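Over in Swiss-Prot, the protein carries these features:
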DNA_BIND  49-73  DNA-binding region
Amino acid sequence: MKKTALDIIEHAEEHLIEKIAENMHTFGMPSTVGRVLGIIYMNRKPMTLSELSEATGMSKTRMSQVVREMIDANIAEKVFEKGVRKDLYDVEQDYYQTFISLFAANWTKVVSKNKVLYKKLNRELSDLLQRDGLTPEAEEKVNQLLNELKEWLHYYDWLSRLIEFFESEEVFRYVPKTKECSSLK
């Protein structure tokens, strides 16, 4: 049986949606987030929770959780459309911006968590150095760990600057957006 043009189009869209869902794992996001991102993206206009629930087969409660996760990651937003009473959700149509949003959201969390851990460990180890009766071996190990923590902090500072490099879009001065795919031909 010969496929209709509509069948081929729907098949291609489904492949793209599935690939977007798979790619979300790279960013530490669940595939359900990627699936919803792909569905809204392919729809090319904002969608309601009911529409998304129907398109994914998920409950409205689960869909609400997924959309909230997407909003937290800055890859979706609630939008207003005159005459529509239900909440509408839309996604960034620019793949580059979606990448930057996901990259920044995930790495900002990592940086924040590790800076908190740095402060805690640095305080504990510095307090330990002030104690009497610390063996020379223990003191040496504490100093090694404190030096390691400084290197760690430098790394997370660099990572913070890298995030800013992407968020400011300065990255495009060095790695421009392309109009033609040179590497996929």
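Every residue number used here counts from 1 along the chain in the order it is shown.
Using N, Cα and C of the backbone, Cβ positions are placed for all residues, glycine too.
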Inquiry  = Per DSSP, what is the helix/strand/coil residue tally across the DNA-binding region (49-73)?
reply    = 21 helix, 0 strand, 4 coil
The DNA-binding region (49-73) [mean pLDDT, rounded to integer] = 95
